[in-house]
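K.L.:
My structure is below; once you've seen it, I'll send some questions.
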Amino acid sequence: MAYPFQLGLQDATSPIMEELTNFHDHTLMIVFLISSLVLYIISLMLTTKLTHTSTMDAQEVETIWTILPAVILILIALPSLRILYMMDEINNPVLTVKTMGHQWYWSYEYTDYEDLCFDSYMVPTNDLKPGELRLLEVDNRVVLPMELPIRMLISSEDVLHSWAVPSLGLKTDAIPGRLNQATVTSNRPGLFYGQCSEICGSNHSFMPIVLEMVPLKYFENWSASMI
């Protein structure tokens with residue numbers, strides 16, 4: 001989860017988020033090199049007194065500044081497209097969870113189980129227990145098994161919402177009348193926090209998401225107790 005004054009991304013907990021973090025670093029390094037080159041050229045222009053007023057064209061330079069940007073864009077586009085396809089792939093999910101956005105709470109349905117569904121509301125500040133996070137804690141957490149591919153089906157009952165958990169690299173729009181899907185795979189157990197990431201009304205900031213990733217044995221015990 002995020003912490004105060006954090007400048008970087010949250011710690012990656014899923015393979016997709018690891019890829020996104022690497023892509024972010026890769027792109028940032030390219031931007032840094034280009035910015036350094038531009039600043040260096042500007043500093044030369046401001047400090048040198050040498051000019052070439054008689055130069056009418058320079059085909060070699062024009063060729064370089066046409067080809068080089070194209071190569072840079074390809075170096076950015078290829079890993080980006082690869083990650084986009086990875087995010088769309090869902091290979092043999094062991095579990096499917098249907099997520100519905102409402103004003104202003106989430107409802108979850110485990111479609112592989114009969115009558116395993118619940119609503120998830122934010123816990124008011126006055127009801128928080130010691131150690132719980134303000135505006136991020138919910139009354140019913142989404143419990144899922146770790147290290148297994150899980151399919152999330154996401155939609156909305158009223159207006160546009162967005163189901164997002166940054167540490168897992170997830171952000172999927174919840175659109176009325178449309179069913180979007182995403183893959184959840186966690187590399188380790190723990191609590192992972194998110195929020196609605198699409199402005200949906202006056203209580204938009206009071207729609208937290210809490211995923212509790214646990215070993216498969218604990219998930220089976222939890223699901224049996226909920227049915």
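Just so you know, the numbers here start at 1 and follow the chain as drawn.
In case you wondered, yes, glycine gets a Cβ from its N, Cα and C as well.
Features from Swiss-Prot:
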type	residues	note
BINDING	His161, Cys196, Cys200, Met207	Cu cation A1 binding site
BINDING	Cys196, Glu198, Cys200, His204	Cu cation A2 binding site
BINDING	Glu198	Mg(2+) binding site
MOD_RES	Tyr218	phosphotyrosine
TOPO_DOM	1-14	topological domain 'Mitochondrial intermembrane'
TOPO_DOM	46-59	topological domain 'Mitochondrial matrix'
TOPO_DOM	88-227	topological domain 'Mitochondrial intermembrane'
TRANSMEM	15-45	transmembrane segment
TRANSMEM	60-87	transmembrane segment
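So that I understand the layout, could you describe where these features sit and how close they are to other parts?
P.N.:
Long-range neighbours of Cys200 (Cu cation A1 binding site) (same chain, six or more residues apart, CB within less than 8 Å of its CB): Gly101, Gln103, Trp104, Val159, Leu160, His161, Met207.
Around His204 (Cu cation A2 binding site), taking its Cβ as the centre, 17 other Cβ atoms fall within 10 Å, counting all chains.
Note on Glu198 (Cu cation A2 binding site): other Cβ atoms within 10 Å of its Cβ, all shown chains, come to 18.
For Tyr218 (phosphotyrosine), no same-chain residue 6+ apart in sequence has a C-beta under 8 angstroms from its C-beta.
Packing against the transmembrane segment (15-45) from elsewhere in the chain are residues 9, 72, 75-76, 79-80, 83, 86-87, 166-170, 183, 185, 187: each is 6 or more residues past its ends and has a CB under 8 Å from a CB in it.
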K.L.:
Could you tell me the mean pLDDT over the topological domain 'Mitochondrial matrix' (46-59), as a whole number?
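P.N.:
Averaged over the topological domain 'Mitochondrial matrix' (46-59), per-residue pLDDT gives 75.
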K.L.:
Using the Cβ center of Cys196, Glu198, Cys200, His204 as the Cu cation A2 site position, which other residues in that chain lie within 8 Å, going by their Cβ?
P.N.:
Gly101, Trp104, Val159, Leu160, His161, Ser162, Ser197, Ile199, Gly201, Met207
K.L.:
Write out, in the order they occur in the sequence, the residues of the chain not among His161, Cys196, Cys200, Met207 that have a C-beta within 8 Å of the mean position of the C-beta atoms of the recorded Cu cation A1 site.
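P.N.:
Going along the sequence, the neighbours appear as Gly101, Gln103, Trp104, Trp106, Ser162, Ala174, Gln195, Ser197, Glu198, Gly201, His204.
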K.L.:
Give me the count of other Cβ atoms within 10 A of the Cβ belonging to His161 (Cu cation A1 binding site).
P.N.:
30
K.L.:
Take the topological domain 'Mitochondrial intermembrane' (1-14) and find every residue of the same chain, 6 or more past its ends, with a Cβ under 8 Å from one of its Cβ atoms.
P.N.:
20-21, 24, 133, 136, 166-170, 184-188, 190-193, 213
